[in-house]
Structure formats: structure tokens, C-alpha cells
Amino acid sequence: MTLTADLVIATAVAYVGLLFLVAFIGDSQTRSKPGGLLRSPFVYTLSISVYCTSWTFYGAVGSAARNGLEFATIYLGPTLVFIGWWFILRRLVRISHDQRITSIADLLSSRFGKSSRLGVLVTVLAVIAIAPYIALQLKAVTSSIEAIAGASEYGRGSLEGWDEVGLAFGVAAGMALFTILFGTRNVDAKEQHHGVVAAIALEAVVKLTALIAVGLFVLYAGGGLEPIFSAAAASGHDIHASQTFGDRWIASLLLAAAAIICLPRQFQVTVVENSDESHLRTASWAFPAYMLAMSLFILPIALYGLSTLPSGSNPDMFVLTLPLAAGQDGLALFAFIGGFSSATSMIILESIALSIMVSNHIVVPVMLRLSADDGAGDGLGVRRLILNARRISIILILLLGFSYFYLTRGSDALAPIGLISFTGVAQFLPAILAALFWREASGKAAIAAIATGFVVWLWASFMPSFASSSPLVAMIMAEGPFGIDWLRPQALFGLDHLDPLAHAVFWSLLLNSAVLVIGSLLTSQSALEHVQATLFLNATRRTPTETSPLRGSATADDLFLVARRVLGHARAVALFSEEARQTGMPWTTLEPSPAFIHRLERELAGSIGSASAHVMLSKVVSGDAVSLEEVMQMADETQQAIEHSQALERASAQLRATAEKLENANRQLRKVDLQKDEFLSQVSHEVRTPMTAIRAFSEILLSEKDLDPVSSRRFMSTIHRESLRLTSLLDEILDLSALERGERMWEARVVDAEAALDQALRVCDALARQNGTRMARGERAGRAMVSADPDRLSQVLINLISNAIKYNTTPDPVVEVRSFVGEGVYSIEVVDNGPGIPEEERPRIFDKFYRGRQGEAVSFSGAGLGLPISREIVARMQGTLELVDGPGPGGACFRVRLPLAPAEAEPEIATS
Amino acid sequence: MTRRKLVAAAFFFTLFGVLGFLPPIIALFRFDARPFGVPVEAVYVFVLWGLLVLGARWFSRALPEDGTQAAQRPGEEP
């Protein structure tokens with residue numbers, strides 16, 4: 001095969017024809033079979049690989065030849081963004097589906113309060129920033145044609161007389177025509193172009209196959225990896241030698257990661273053309289794998305080219321010139337088609353994406369402003385206007401790209417041109433991240449931040465690229481404007497040790513982010529911004545919030561007029577019929593619900609962008625501007641409802657607590673009631689026994705007239721004794737009850753407790769003698785001043801000591817009384833060597849009327865009130881009375897503990 | 001693994017991927033070794049890249065579906 005320029009051009013034209021056919025079939029396929037192959041995740045992934053342009057196809061080899069491994073950063077950045085798809089891309093896709101976002105300008109404008117100003121700014125800046133990138137494609141295609149024509153023995157053929165500029169112009173014109181035919185046939189409601197995507201996917205396969213074919217050829221020709229690398233090293237091209245991993249490496253990694261999100265065409269294919277969110281899952285690994293495959297052979301091709309082709313050959317064209325030099329014309333043609341594929345796919349998609357932005361954010365708003373009333377022109381006017389606006393913007397965009405190419409034709413490398421564009425679009429990154437993650441970011445700050453970043457970019461990155469063609473620029477670069485040294489574009493503020501790329505990236509993104517952060521903190525959001533910020537941040541929650549700031553007071557007719565103008569008659573009819581069917585109402589009486597208006601707004605947003613759709617609908621709906629006050633009021637009401645419900649919750653919690661307390665109190669009451677019953681029955685029992693005896697003996701005395709005086713006296717004394725017992729019992733009960741109710745008054749004085757103890761011992765001495773009990777004198781405290789009523793204290797001690805004597809049934813009974821002072825407390829212990837109190841009785845020993853088994857057995861026992869009374873008395877003296885473990889194995893030990901009175905305490909303290 | 005842990009794992013997988021391509025880690029591979037004639041830093045970049053692709057493939061299946069298809073686009077035509 002003989003390769004000529006004419007053959008190459010004819011092949012290119014034929015290839016474009018093939019693409020057109022694929023796009024056409026793709027469009028009609030999607031229309032007839034919505035779920036077909038074209039909507040598979042792999043087609044989606046292949047369309048994302050429009051990222052790999054002729055910069056990759058030709059420029060990466062050139063970049064590898066000049067800077068070694070650095071070329072890889074351009075693919076590593078997007079790889080990292082895609083493997084982290086869950087955190088950024090998924091949100092972007094979700095939000096864009098929910099909000100019908102059509103472009104990156106639309107995204108930012110929508111988030112920052114549907115701001116048209118921001119939309120215009122982003123659109124204009126994107127068009128400027130992309131110009132170098134389009135120029136790169138033109139340059140690559142032109143150079144590739146020139147390379148083949150230059151190598152051909154048949155000369156330039158019909159290219160005779162065309163210089164590089166003319167050729168580039170021809171390519172640009174052809175591309176413009178092609179893109180217009182491809183991308184602006186109709187206005188899709190979702191801005192999805194299935195046919196174009198199909199063609200792009202085909203091109204992705206072609207360029208990958210072509211590059212791999214060249215790579216395999218190089219491996220074959222070079223004899224494998226090792227010979228290629230060592231031959232290159234031998235001829236002085238060793239990637240070990242270059243300082244790769246410095247500031248430039250980091251900067252271009254960051255730029256590439258930003259570009260995969262911010263480039264208008266990448267946003268178009270990844271986000272807008274996404275028909276199913278789950279496709280992103282596949283793309284998250286398949287797209288990095290595609291780029292890995294694209295990059296595998298770059299180094300071998302570059303190094304083989306460097307070591308075999310004559311020095312001075314353009315390394316950007318190695319992919320083409322290596323097969324040509326080896327006489328592989330077929331492979332060279334294939335490589336040319338691969339490069340052509342990468343350039344055309346980029347130009348088509350980029351200009352479609354940019355033209356959508358231009359028409360939605362500049363042309364339509366201007367048109368809306370010019371039209372006096374609620375819509376524009378006649379029936380289909382808007383659609384035609386949009387299409388024409390897009391066609392003109394495509395021509396304009398390619399013209400801009402061509403102008404840049406023309407002005408910078410002196411520079412030769414491809415990759416640096418691409419990086420200029422990357423730095424430009426990266427200025428959208430801070431605002432996008434803020435849109436996704438920062439609720440407080442404000443629109444004014446976003447506008448200021450993007451503008452600041454762009455000014456720095458224009459100065460430090462864009463302008464220096466004209467240095468080779470403009471002496472003025474060259475002078476500014478060397479000396480600064482008007483000789484101001486610290487404003488030199490590549491050494492701003494004296495920072496001159498950074499690589500120019502890293503320098504531009506650093507200053508532009510730093511100032512951009514700083515303005516965004518500080519501006520957001522200083523300015524406040526508008527009401528609509530506030531609403532949108534919430535929608536954006538809540539996008540990945542499970543239940544999407546549906547709010548429409550528009551009220552539903554418009555008539556269906558008005559809405560239909562608007563819808564027909566923008567969407568076309570057929571689509572508008574379909575939309576309204578669907579609504580009529582769902583609500584079950586005839587067309588004529590259709591009352592548009594807020595949900596329907598919201599849906600209509602989203603549909604319109606799909607065609608003319610969210611800001612324009614919002615403005616357009618708010619002109620129609622209820623005839624007034626969007627009632628933001630109403631939105632705010634709604635928000636307030638919601639807030640109030642939330643607060644109200646929280647208050648209710650608190651009240652109910654309190655009620656629950658109160659109910660619980662009541663229940664506890666009730667339980668206590670029932671227990672006390674039970675105790676009272678028990679007490680009454682015990683008192684009755686206690687009273688009944690002596691009463692029975694008294695009654696029986698008095699009856700005998702009354703009935704037996706002839707009773708002998710001895711018996712009669714005995715009976716009388718029994719009656720007397722029983723009545724005494726009864727009286728003492730009743731006294732005790734009254735005493736205890738008064739003590740418990742706190743009614744008993746007594747005098748508390750600072751007294752010597754030891755004196756009270758001596759008094760008690762004296763009283764019990766007789767009882768001890770009577771029972772044959774030995775009173776053992778334990779250690780004594782000597783003198784202990786406590787605050788107490790001395791008689792009451794004696795009463796307690798007498799009770800304890802007499803109990804110890806009475807219940808001690810051992811043959812050799814001993815009761816020991818001892819007292820001591822420690823840590824401000826005076827203690828008395830009464831210890832006996834009796835049988836002790838069994839373990840199971842201990843808890844009840846202080847209960848009223850409880851006498852224990854021992855008490856029952858002893859003949860003369862009390863009513864079982866002595867201990868409860870004693871304990872009550874001690875408690876009133878702030879002390880304790882308890883049963884403790886005695887020193888010996890048997891016996892019981894009661895301990896009284898009383899706090900010592902303060903030394904300077906008043907001698908007389910009256911308490912109740 | 002719970003949903004939260006999986007998402008956290010995906011996050012750290014990405015984060016360590018980023019760190020792996022940045023100095024100082026990547027600068028560790030600038031010593032003079034040439035497996036199959038290829039300089040070691042190039043081998044490192046491509047091997048790490050391949051591992052990231054494999055990891056991403058695993059995560060693409062493991063990360064939870066969050067049931068968005070129904071809720072995602074209400075009111076949109078099929």
C-alpha cells in the first residue's frame with residue numbers, strides 16, 4: 001500500500017462517514033429499544049474515555065520522551081477520582097439527575113441559588129479555557145497529516161499549496177460542520193445524545209486498538225522491553241536520570257484529577273449522559289483499566305523512537321513516524337485513524353457541551369430578558385433559537401481554538417498546551433467541591449473565587465503561552481509589567497523556584513479557595529441558595545426531598561404554552577396527557593399541582609438550564625416573582641413543627657417519669673397500709689392477753705362469794721399486775737407512735753454520756769443479781785460529751801442491758817458493757833455470752849412486736865417494742881443503734897454510736 | 001462488613017491510593033533496579049495502578065446499593 005496525503009484525507013472522511021452512520025443507528029436504536037446495548041455500562045465507560053484525546057495518543061509519547069514518567073499523572077489523577085467514585089462522582093450524578101443538570105455551569109448556577117450571573121461567568125471562562133485544548137487537537141491532526149505527507153514519496157498531492165495554518169483551518173471547519181450535523185439535530189429534554197455516545201464509544205475502541213497495535217509493533221521491532229530500555233539508556237535517554245517526582249508531578253496529578261470532574265465534555269459524558277447510576281460502578285474500575293491499557297506502551301514507544309529515529313524528530317509524532325520509518329504503511333494509516341479518532345471525539349463532545357452551556361446560560365436568558373411578556377416569539381421559536389445558538393457557538397468555539405493555534409503556532413509540544421486548559425478548568429474545582437460538601441458556601445463568594453482564579457490563570461498560565469509569538473508578552477515575562485518585578489507571570493510575589501505549571505496551579509487554586517472560604521464566611525446566602533444548598537447536601541440521603549419554590553396557582557393553559565414553546569408540541573402534549581391520566585381529570589380542568597410544576601421545571605431545565613427554566617416558569621406561575629418569602633415561611637413553619645414535636649416529646653418523657661414515681665409511691669403506700677394492719681392486729685393481740693386474764697379473774701372474784709382471802713388476794717394481785725403490763729404496753733405504743741411522727745418533745749443538752757451509762761448500769765444491777773448474771777466491766781471512755789436527753793439515753797441503755805440479762809440463758813451468764821471514743825464518735829457496746837440471735841432473725845430484730853423465738857420462750861417478756869423505740873430515740877440524737885458481730889463466738893452485741901458534741905457547742909440546744 | 005465500614009474502607013482505599021502516587025512514598029522507588037529492563041519506578045507506578053483497578057473492581061461490587069433507582073428520578077418517563 002502506498003500512503004499519500006490524499007489517501008489519508010479520503011480515509012478520514014470515510015471514517016467520519018462511518019461515525020455518522022453509527023450515530024444515526026445509535027439514535028434510532030435507542031428510540032426503538034431503550035434498554036439496549038447502547039445503554040450498557042461498557043458503552044458508558046468507553047464514552048468516558050473521550051478523556052484520552054490526541055494529547056494521549058500523540059502527546060503522551062512526546063511527554064514521555066521529554067519528561068519520562070510524568071505523562072502518567074494525566075491518567076493517574078482520573079484513576080484516583082474514579083476509584084473514589086462513591087464520594088464525588090456518585091453525588092454529582094445523583095444531584096444532576098435530581099435537578100436535571102445539563103452542564104457544569106448549570107450545576108454551579110443551580111447550587112448557588114440558580115444564579116444566572118454565575119452561569120454566564122462559568123460558561124465564558126470555560127469557552128476561553130478550552131480554546132488551547134481544541135487548538136491542541138487541531139495541531140495534532142494537522143501535524144499527523146503533515147507527517148504522512150512529508151514522508152510520502154508522492155508529495156503533498158492535493159495538499160499542495162496548503163500550509164500548516166490553512167490545513168488547520170480546513171480541519172477546524174470540517175470538525176465544526178461535523179459537530180453541527182452530529183450534535184444539534186434536536187434539543188433533547190435531558191441533553192442526552194445516545195447516537196453521539198455510540199460514535200464516541202466506537203472511537204474509543206479504535207484509538208485503543210491503534211495505540212496497542214503500534215505498541216506491539218514497537219515491542220516486536222525493538223526485540224522486547226529490555227533491549228528497548230537499555231538501548232535508550234545507552235543513547236542517553238534514561239528515565240532514572242530525570243527528577244520526576246517533584247512539584248510538577250504533584251501539580252499535574254492534581255490538575256488531571258480536577259479535569260476529569262471539571263472539563264465540560266467529561267461532565268457531559270460522565271454525569272449528563274449517564275442513564276443509570278449503577279453504570280458508574282462499572283466505570284469506576286473499567287475506566288482506570290482503559291487508561292492503564294492506553295498508557296502501557298507509551299514508554300516503550302517513546303524510548304524506541306528516541307533511540308532509533310534521527311535526532312530532531314518530533315517525539316509527539318512517534319506513534320505515526322515509527323511505523324512509517326519501518327515502511328509499515330497500513331499500521332501508520334491505522335495509527336493516523338486512531339489519532340484522528342481521539343481528536344474528533346474530543347472536539348465533537350467538547351463543543352457540544354460548551355454550546356449547551358452557551359445557549360442555556362447566555363442566549364436563552366438574554367432572549368428571556370428581551371421578550372417583554374411571559375414567553376418568547378411564536379410557537380417553535382425557542383427551540384429553533386436554541387438550536388441556532390448552539391450551531392453558532394460551535395463555530396465560535398472552533399474559531400477560538402483555531403485562533404489560539406494560530407497565535408501560538410511557534411511552540412511545538414502538545415502536552416503543555418493541554419495543561420494550560422487543565423489549569424483553567426481546575427478553577428471550577430473549589431466551587432464544585434463546596435457545592436457538594438459545604439452548606440455555607442455562598443454564590444457571591446463562588447463568583448469572586450472563580451473570577452480570581454481565572455485572572456491568576458490568565459496571567460500566570462494562559463498569557464505566557466503567547467511568549468513565542470508576542471515580544472510584549474516575552475518582555476512582561478522577563479521583567480514584569482511596567483518593570484514590577486513581583487508581578488512576573490511565572491514568579492508571582494517572588495516565588496520563582498517552582499516549575500511554571502506548579503507555580504500557576506499553586507497561586508490560582510490557593511487564591512481561588514481563599515476567596516471562596518473567606519467570601520462565604522463574610523457574605524450571606526439568599527433564600528433560594530439556602531434551599532438549593534440543602535437539596536445538594538441531602539442528595540445522597542435515601543429519600544430525596546421534593547420542594548418546589550413555585551406556587552401552583554398558574555392555569556394549565558399557561559403552563560402548556562410555555563412547555564410547548566420549549567419542549568415542542570409533541571413532548572408537551574405527552575407530558576400533560578400523562579399528568580391528566582395520573583390525576584384522572586380531563587385536560588380542560590387540569591389543576592397543576594406543585595409537584596407537576598416542579599416536574600415541568602425540571603423538564604424545562606433539561607432543555608434550557610435550571611436558571612432559565614426557573615425564571616421562565618416563575619414569570620408564568622401566579623404572575624409574580626418566586627415567592628421566596630413563602631419558601632422561607634414554609635421553612636419556618638417546618639422548623640416550628642419540629643420544635644413543637646420536640647416539646648411534645650419532652651412533655652411525654654416527663655409524664656412517663658411522673659407516672660413511674662406515682663407507681664412507686666403507691667407501692668410504698670400499700671406496703672405501709674399492710675404494716676399498719678399488721679400493727680393493729682398485733683396490738684389487739686397484745687392487749688387481748690392481759691385483758692382476758694383480768695376479765696377471768698374479776699369474774700371469779702365476782703361470782704365466788706366464799707373465796708378464801710388468800711386466793712382472793714392472789715387473784716387481785718394478778719389483776720393488778722396485768723393492768724400494769726397493759727398500761728406499760730399502751731405507754732410504749734403511744735411513745736413509739738409519737739416518736740415516729742416526730743411529736744415527742746424533749747430537751748437535748750450537751751451531757752456526759754458516760755454518766756447516763758453509769759445510771760443505766762446501776763438500775764440494772766438489781767436485775768443482774770436476781771438472774772445471777774455477772775456484769776463484766778469493759779474498758780470505758782472516761783468522759784464523752786454528746787448532745788442528748790440524758791433520761792432518754794438512759795432508757796435506751798437500760799433496755800439494751802436488761803435485754804442482755806433477760807435473754808441470757810447460759811449457765812454462767814456474763815454481760816459486758818464497754819464504751820470508747822474514736823473519729824468524733826462515741827460508741828457503747830453491750831455484749832452478752834448468751835445464745836445470740838440466729839442469722840435469719842437478725843434483719844427483723846428491730847421490727848415492732850418482734851420478739852424472736854427466744855423472746856417467746858422467756859416467761860416475762862416485753863411487747864417487742866423496746867428495740868424499735870430505742871432505735872428511734874438514738875436516731876433522733878443523730879446516732880445509730882445496730883446489731884453487730886460480737887467479739888466471741890456466741891452472744892449478741894448491740895452498738896450505740898453517737899456523734900460527739902463540738903467542744904465549743906452551746907450547753908443548751910433546744911430541738912423539737 | 002457493615003455498610004458504614006465498607007464505605008470507610010472505600011474511602012481509605014482511595015486515600016492510600018493517592019498517597020501511593022505522591023512523594024515521599026513514590027520517591028522511595030528511585031533506586032537503581034531494572035526488573036525486565038524497566039526502571040523500578042515505572043514498574044511501581046504500573047503495578048500500583050493495576051492493584052488499584054483490581055481493588056476498585058472489588059469495591060464496585062461490594063459497595064452497597066442504596067436503592068436509588070426508584071427514588072432517583074421520580075416523574076421521569078421510562
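Cβ coordinates come from backbone N, Cα and C, glycine included.
Keep in mind it's a predicted model, so treat the numbers as computed, not measured.
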In TrEMBL, of the candidate ranges A:165-184, A:245-264, the one given as transmembrane segment runs A:165-184
Taking the transmembrane segment (A:445-467) as reference, the highest number of CB pairs under 8 angstroms among A:37-60, A:165-184, A:196-220, A:389-407, A:413-438 goes to A:413-438
Looking only at the coiled coil (A:645-682), mean pLDDT returns 89
Near the transmembrane segment (A:72-89) in space but 6 or more residues beyond its ends, with Cβ under 8 Å, are 51-52, 55-56, 60, 63, 249, 252-261, 270-271, 280-281, 283-285, 287-288, 291-292, 294-295, 298, 415, 418, 433, 436
